[in-house]
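Here's the structure we're looking at; comments come further down.
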Amino acid sequence: MSAIGTLQVLGFLLSLARGSEMGNSQAVCPGTLNGLSVTGDADNQYQTLYKLYEKCEVVMGNLEIVLTGHNADLSFLQWIREVTGYVLVAMNEFSVLPLPNLRVVRGTQVYDGKFAIFVMLNYNTNSSHALRQLRFTQLTEILLGGVYIEKNDKLCHMDTIDWRDIVRVPDAEIVVKNNGGNCPPCHEVCKGRCWGPGPEDCQILTKTICAPQCNGRCFGPNPNQCCHDECAGGCSGPQDTDCFACRHFNDSGACVPRCPAPLVYNKLTFQLEPNPHIKYQYGGVCVASCPHNFVVDQTFCVRACPADKMEVDKNGLKMCEPCRGLCPKACEGTGSGSRYQTVDSSNIDGFVNCTKILGNLDFLITGLNGDPWHKIPALDPEKLNVFRTVREITGYLNIQSWPPHMHNFSVFSNLTTIGGRSLYNRGFSLLIMKNLNVTSLGFRSLKEISAGRVYISANQQLCYHHSLNWTRLLRGPAEERLDIKYNRPLGECVAEGKVCDPLCSSGGCWGPGPGQCLSCRNYSREGVCVTHCNVLQGEPREFVHEAHCFSCHPECQPMEGTSTCNGSGSDACARCAHFRDGPHCVNSCPHGILGAKGPIYKYPDAQNECRPCHENCTQGCKGPELQDCLGQAEVLMSKPHLVIAVTVGLTVIFLILGGSFLYWRGRRIQNKRAMRRYLERGESIEPLDPSEKANKVLARIFKETELRKLKVLGSGVFGTVHKGIWIPEGESIKIPVCIKVIEDKSGRQSFQAVTDHMLAVGSLDHAHIVRLLGLCPGSSLQLVTQYLPLGSLLDHVRQHRETLGPQLLLNWGVQIAKGMYYLEEHSMVHRDLALRNVMLKSPSQVQVADFGVADLLPPDDKQLLHSEAKTPIKWMALESIHFGKYTHQSDVWSYGVTVWELMTFGAEPYAGLRLAEIPDLLEKGERLAQPQICTIDVYMVMVKCWMIDENIRPTFKELANEFTRMARDPPRYLVIKRASGPGIPPAAEPSALSTKELQDAELEPDLDLDLDVEVEEEGLATTLGSALSLPTGTLTRPRGSQSLLSPSSGYMPMNQSNLGEACLDSAVLGGREQFSRPISLHPIPRGRQTSESSEGHVTGSEAELQERVSMCRSRSRSRSPRPRGDSAYHSQRHSLLTPVTPLSPPGLEEEDGNGYVMPDTHLRGTSSSREGTLSSVGLSSVLGTEEEDEDEEYEYMNRKRRGSPARPPRPGSLEELGYEYMDVGSDLSASLGSTQSCPLHPMAIVPSAGTTPDEDYEYMNRRRGAGGSGGDYAAMGACPAAEQGYEEMRAFQGPGHQAPHVRYARLKTLRSLEATDSAFDNPDYWHSRLFPKANAQRI
């Protein structure tokens, strides 16, 4: 550290001892506000400075040093460390201003409106006396204000000071010019910055040398040498107790932002409690109590209360409290700090009805006789009587001139206190001088002079002041504060009889008569001394309290020989003059006075005591009985009349309540109709050009004044979503809406104009997309949609996963696919499809949201940043991640992830993986793992959505068809393991929402618009609850179906080695050769060896696995027992035995208006056979046994369909078909990616004991009749090719019993597959397996 740094530290340590005692005991003295005006000569100025600032450390105000001589010893100023106002040094002759400990000038008041230090004209033109040095060696902080130092002929080194290091405000004005020249240079250790020539005069730098990490001051150049934020003027360490001065407040040596509050929060009781360590803010110091001449306002020591508060005395503490009603009037005084210098004719009317003078009162000769210079006329002496209402003066009272005919100051006869918070000249609070005609003071009510000195001089006729005991009036020693001289001698006053009244005590008096006594010798009555009180005789009778006579209440009866009362109230009388009502003496008994329960009537008894009348008396009484009532009717109200009156009254009340209810309901219905009118009505946008067609846009163009945002619901990649209200222009209704604010962060695009894409988004209307109510162009685009209080489907499935059943999940998948198909028809690419962007309109209807938003932004804003946390990488297709390519087929990929979220009840995809790792995993062929509740059929639909080749992925039309088919038999495709009681049907789904949530949704005004639809859905839910009655075993998923991957990973690898050697791992247990389960890369349910899709074929990995399983089983001929409790097992066999029924007419589809698919639960006994099916084959020929040979099984597995009835023709247009109904062939399903593959070998069923083969045959082959196919499938948009057909599978319901065990039949080996064909990242493999060409051959 350099030498200057060493000196800085030494300087700091030198003052540390005094700095540590900053908050414990500080000598605080008041400042002045005289400016350049002075009274008296240089000696008087010096004496004033000495008395004000001797041993002073903190100046509460301004330090003004003006017109001081050259021989003045100012060493008493060396203890001043802080000035709260400004420092003024002007017109002085001394050579050095010794303020070596001054550290901080706060600048709460600034000179000339902008300067905290003002130094000017400190020299004598007629001599060599002049100011040569400002010894401010410790000054390091000016909190407010600038610096002005000019025209000081001998003052040196001011231009060497770095004032920017001292001044805190960066733009403060600094003027330093025209000062002394030919000054000696700074000492070399000061490096050009000094207050004087010596090495001890170096400037201490505490800001410009600091490291950038420091916010304020520092004690060294290193980053760890920063001062505390509450420090001002530097520090010796980093703590708040190491500050040389405090920026805000000093609390016992520690710098704090505020003093301890009067109330503190108790964490145990959760309440605000009084703080036992409360302190008050007195200037920059926290004190335990304010000075006696200040008042407490909350936690501040103030000179006067604010205008809306009044001063009260609480437990000896003067406090400011809000006035109850009109406050005592406080008026501004005169003198320093006021706009008036004296009381004169121009301002005396402002003192009318004043009870308190805030400041001072000055009576000067220019005020009484007038001021011709300022054109102020003379004062009318009678107007001085306005001061008779004054009770307190907070400053000083200065009377230097008084009207000649007024011989005392009796206009101040009610003045009780002179506060002395601001003092005159040399510290006077009461100054009376040069009043030649005044004979007495007349301050008969004055009780206290809180601070300051008393100066009474040169009043030639003044008497009575000699007798006053000033110690009763003054706080502190009276000898040092009294300066009474040059008045009329005491002997002359006594000779003329101008002495105190004999009734006055030894305390003296203010003038002649018993009313001017400072205190009384005997008693006083209303301020006048008396010899005795009228206790036993005289009028009015009185009682005595602390030597004061107080009158009894007028209702007291005067007593002879004893006291009449013992207090001033009506309850303190010994005897009443008229009547007594309880303890009080009254002029008359109460008659009709309103009480808590009605009018009160009383009568006087024989002893003049007031007694209550009967409760039925309404006009008074003369006795306690009912017959004593005055004005009572002869016939009282009978009981029947009372009953009639009560009945009529209640009827009127009910009519009023009923009318109010009907009025409220009518207004509510009216508001609902208005809301429906605004929400359902679209707007036609007129063409801009005659050649353009009119565009029917359902959305509106809103004005910003019609929308009001309430709270933020969330934020995403493209903007922020707010909950708000729409107030249509000219209407009073408030419609709850969702407002999505889209902003262009680059600022290159504005949304002032309505584009074609905006109109295209506004024209979309579908049951399964969130309709856009309107948009508001501007600097940011605001999209307005209907507010759906049920929230997103993601939050819903997470909260209600225990109550959701397979029917709801599959129907939601259908509705999402239909909504996306509608967007595809209108060439709208979503780009951000995820479960969070699917909203729940009702418990059974969902809608896709946030579509078309990305196209509203410029191309650069749609580029993907893998590091951006909000970019939906996990939902995006590979071509979108790598190339930013977004198509309807990339939305299909996102749809697969959305369905995966739905089937995992809101799990996060690829949990635990960084976003940058996901593209590499997808390229390696790894995909999300099979959800636990999904069969292989549902999972394979997801896998097809995640194909690398986008052309191989299914379309939304095919996806809607596939999920519609699966929704007919939900337990067959989704197995949700959930505990159910014996009396609860396992297939009956509970409500996805609680009763309270449904009620809250119904209370939302926007949900009332779909009231009719919700009623239909409630009826539908009731039908579903009774219709879905399957055996308990159909909902039970075997525990053997578990993923081999860690649940936290959230994906499954798809590039694994083939399973060709899996069948070789066998073990011999109990003499039987049993197969060990092959190492699967995705869960395979037990009891399901083939695909459960209705097309009857298997995909690539499945076919490969089943071929090897078939080969192993055909060699070993094992008979492993398998459970038969899985509905998928029965439905698989049933698909081989059930004929495909013709397509039902569109009018018979079991689907409600919201896309909710009804499960096919109406069972029929039989149905007509169809050529090419296996319905006519007997059980013995279809179900293989152990004795059957392999040739028969092989022949069965290679059996082909003979033929099919002709398919219905393809509809001519989408309007003929409608997107709700997608066409399928009568015999072949247009399911996703189906192909005609080999039928599988059936599995032999070995019934358990007690079950006959006939019963089993009847149970397993039960199917519907022809009439049951009416609601089987929804019509699809186009017929598939013949090569892509597959057989139809139907759900069925058993009679309530089932075989407990099943055994696998011997399976014949199918066509072998090469290992190279089974790679999941080979598009040719998937294309050949899932989507065969037209010339593919069947086997």
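Every residue gets a Cβ built from N, Cα and C, even glycine.
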Annotation match for N-linked glycosylation site in Swiss-Prot, from Asn414, Asn1055: Asn414
Matching range for Swiss-Prot feature annotation, region 'Disordered', among 178-202, 328-352, 1028-1052, 1253-1277: 1028-1052
Cys552 - recorded disulfide partner, Swiss-Prot, among Cys533, Cys565: Cys565
Cys500 - recorded disulfide partner, Swiss-Prot, among Cys509, Cys517: Cys509
Lowest local Cβ density among Asn408, Asn414, Asn566, Asn837, which the record lists as recorded positions, within 10 Å: Asn566
Rounded Cα-Cα span from Asn250 (N-linked glycosylation site) to Asn837 (ATP binding site), Å: 56
Inter-residue C-alpha distance, Asn250 (N-linked glycosylation site) and Leu788 (ATP binding site) (nearest angstrom): 56
Candidate binding-site residues Gly719, Lys740, Ala834, pick with smallest Cα gap to Asn566 (N-linked glycosylation site): Lys740
When distances run from the Cα of Gly719 (ATP binding site) to each of the glycosylation sites Asn126, Asn353, Asn408, Asn469, the nearest one: Asn353
Reduced DSSP assignment, Asn408 (N-linked glycosylation site): coil
Glycosylation sites (Asn250, Asn522), the one with most neighbouring Cβ atoms at 10 Å: Asn250
Inter-residue C-alpha distance, Gly716 (ATP binding site) and Asn353 (N-linked glycosylation site) (nearest angstrom): 66
By Cα-Cα distance, the member of binding-site residues Leu713, Lys740, Leu788, Ala834 nearest Asn408 (N-linked glycosylation site): Leu713
Between Asn522 (N-linked glycosylation site) and Ala834 (ATP binding site), the C-alpha gap once rounded to whole angstrom: 97
Other C-beta atoms that fall within 10 angstroms of the C-beta of Leu713 (ATP binding site): 16
